[in-house]
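Q: Please see the structure below; I have some questions.
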Amino acid sequence: MVQSNISAAQNYVIPKNNYDLVKTVNSTTVEYGSYDFIIIGAGAAGAVVANRLSEIRGWKILLLDAGGEDNDFNKILGLYGYELFSPKTWGYNTTFQKNGCLGMINQRCFLPQGKVIGGGTTINGAVYARGHPEDFNRWVSVYNNSGWSYDEVLPYFKKSEKAVFEPRDRFYHGDNGYVTISQPPVTSNLGPLMRDIFKEGGVEYNYDYNGKCEHGLSIAELFLKGNERVSTASAFLDNFRSRENLRISLNSFVTKIVIDNVTKSARGVEFVKNGQKYFAKADKEVIVSAGGVNSVQVLLLSGIGPEKHLKEINVPLVKNLPVGEYLQDHVMFIGLVIRINGTIYNDTLRELLMRYRRNQRPLISFLENIAFTNIDKDTKKRPDIEYIVSLPLNLPDRGSTYVSLNKEYLAAIKINTTSDFFLFTMLMHPKSRGTVKLQSNSPLDRIPLIDPNYLAEEEDIEKLYQGVKFIVNLNNTEAFRKHGAQVVAFDYPNCETFKKFSKGWWQCAIRHMSTTIYHPVSTARMGSDPSVSVINTNLQVHDISKLRVVCSSSMPELNSGHTTAPTIMIAEKASDIIKKYYGKLR
Ligand SMILES: Cc1cc2nc3c(=O)[nH]c(=O)nc-3n(C[C@H](O)[C@H](O)[C@H](O)COP(=O)(O)OP(=O)(O)OC[C@H]3O[C@@H](n4cnc5c(N)ncnc54)[C@H](O)[C@@H]3O)c2cc1C
């Protein structure tokens, strides 16, 4: 099974359009029935909302997803790179980037998004990292979203969680939720090395970054039960498919939300499934949970978006709102590599799978340690930088982070898979914002124009450099020497004019070897002012009734962590908001 999925990924050709999803065999539209709620997208958010709303027996729920079923292969976290080259993702790239992704093929970063039941949670790295209290307090103080402060959202983080690792800060974790969070031990020799390095730099070990304090070096907390990935499909849908009031329809691509232009309210959705066009009616609401990129596509095709852009693509305007604007994404530098004088892993695939059966890394997850720091070391402030310790395994290339490097870079960056490890360095709060737009008014156009505008702001490159410098300054210290470790000085192409290890040289390397950590958010963000936000604090689209957006696109800005945990939190809270609105909250 593993070998055949890897081979399939190696040969996979990403489709250039949505023909397979939208081709129809006739021009008739078939009625698909009436539902109280129709949810577009069964990903991190949609699966949760479908579960929670279908708890109300009298409500009929329709959950639609363009993707298909998951399988056993995607349960192995350490092989998730191969899933990115499969029909389980949309296989997107960014547009040509001027300030980042310079060493990537055509200066575009690979930015796949989930297209499968469970969405991103079925194919992602499964790091569970909520962020810092200040992140959510800012949703209130900066973006005017009352009800979303850290104290108010913490119960919703806990609600879905079943934490099973020790030690942990019990007050901050849930014990009875559907999502198992665990922390497999670091089994390589990198654990002690990482502790020594970070300690030397004044960053202490922290046993639980989702607890009282986020700062420090930790073992990654993961969406993981035993040795298997926990997705929102496995946690929130698998055991609930027999609910009579929940209808899940996969391979169902929503092409439009039908909105009554007089009453300005959502009436239902049009979708295509197996070559047939359908219309499903929403008696109460349509909920858009299609993710940071595709929610934009659905809204724009339905006439909700910036007036100017809708005119450009010839879509009749329903409501002028900044859909697709304010895109923010975590950018990371993948060129910081440390080489040790020894062997980390030197296993064949078969040996790796044997370890996996024993619940061991690296296939249970090759993301070992994780660290959150603030450049000025003020642990009260939210972190600026996250580091992830990640291992290159000796497996076919499409499972590798370096798969998108251009030929010149691939030739220059030679990784030794037994003795090297990556210290991915991520900028938590990029100032640069970008856009998601469409090429045309046709759902056939598969490729939205995703422009995250990485590193456009000088402050972003400076902060990312400071993050790299923190590690590089520790090179040749006792901590590095004790473990025979060295920062590797690659000959980064196009950076030859700079002196090695100088600021200019690192900044050049960062601009070339920057990529995404796949967290596009804020494209339909929450706020009180319709000129700069799309939805209100109850996640309702401004001035359109019966329509909400509940997913990663609802976030006003990025968190100091990863985006699945806050997306699930948003979905849990949204479900209660909806139940309360209809007098069903118990
Ligand atoms: C490769 C990768 C690695 C990542 N690693 C991590 C990590 O380690 N930790 C972490 O916290 N986060 C990670 N993320 C991010 C995380 O997965 C996302 O933030 C999260 O899944 C977003 O949830 P969502 O509900 O907004 O959208 P998604 O989970 O993307 O779900 C959207 C769903 O909508 C469906 N859809 C889209 N358009 C339509 C349409 N027109 N009609 C019907 N259905 C549609 C899609 O098929 C998809 O299933 C990663 C993401 C990727 C892609």
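Quick reminder: no glycine exception, Cβ is built from N, Cα and C everywhere.
What TrEMBL records for this protein is below:
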{"type": "ACT_SITE", "residues": "His519", "note": "active site, proton donor"}
{"type": "ACT_SITE", "residues": "His562", "note": "active site, proton acceptor"}
{"type": "BINDING", "residues": "Val116, Asn124, Gly125, Ala126, Val127, Val254", "note": "FAD binding site"}
{"type": "DOMAIN", "residues": "114-137", "note": "domain 'Glucose-methanol-choline oxidoreductase N-terminal'"}
Q: Taking 10 A as the limit, how many CB atoms besides its own sit near the CB of Val127 (FAD binding site)?
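A: Looking across every protein chain shown, the total is 21.
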Q: Using a 10 angstroms cut-off on Cβ to Cβ distances, just flag whichever of Ala126, Val254 is the loneliest among these binding-site residues.
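A: Relative to the other binding-site residues in Ala126, Val254, Ala126 has the fewest Cβ atoms within 10 Å.
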Q: How many other Cβ atoms sit within 10 Å of the Cβ of Val116 (FAD binding site)?
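A: Summing over all protein chains shown, Val116 (FAD binding site) has 27 other Cβ atoms within 10 Å.
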Q: Residue counts in helix (H, G, I), strand (E, B) and coil for the domain 'Glucose-methanol-choline oxidoreductase N-terminal' (114-137), per DSSP?
A: 9 helix, 3 strand, 12 coil
Q: At the level of the C-alpha atoms, what whole-angstrom distance separates Asn124 (FAD binding site) and the residue listed as 'active site, proton acceptor'?
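A: Rounded to the nearest whole number, the Cα-Cα distance is 11 Å.
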Q: Need the DSSP three-state call for His519 (active site, proton donor) to compare against my parser.
A: coil
Q: Can you name the binding-site residues among Val116, Gly125, Ala126, Val127, Val254 whose CA is within 10 A of the CA of the residue listed as 'active site, proton donor'?
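A: Qualifying among Val116, Gly125, Ala126, Val127, Val254: none.
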Q: Which one is it: of the binding-site residues Val116, Gly125, Ala126, Val127, Val254, whose Cα lies the shortest distance from the Cα of the residue listed as 'active site, proton acceptor'?
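A: Checked the binding-site residues Val116, Gly125, Ala126, Val127, Val254; minimum Cα distance to the residue listed as 'active site, proton acceptor' goes to Val127.
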Q: Could you check what DSSP calls Val254 (FAD binding site) once collapsed to helix, strand or coil?
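A: In three-state terms, Val254 (FAD binding site) counts as strand.
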Q: Tell me the Cβ contacts of Gly125 (FAD binding site) under 8 Å, same chain only and six or more apart in sequence, or just say none.
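A: Set apart from Gly125 (FAD binding site) by at least 6 residues yet with Cβ under 8 Å, we have Leu77, Tyr80, Ser365, Leu367, His562.
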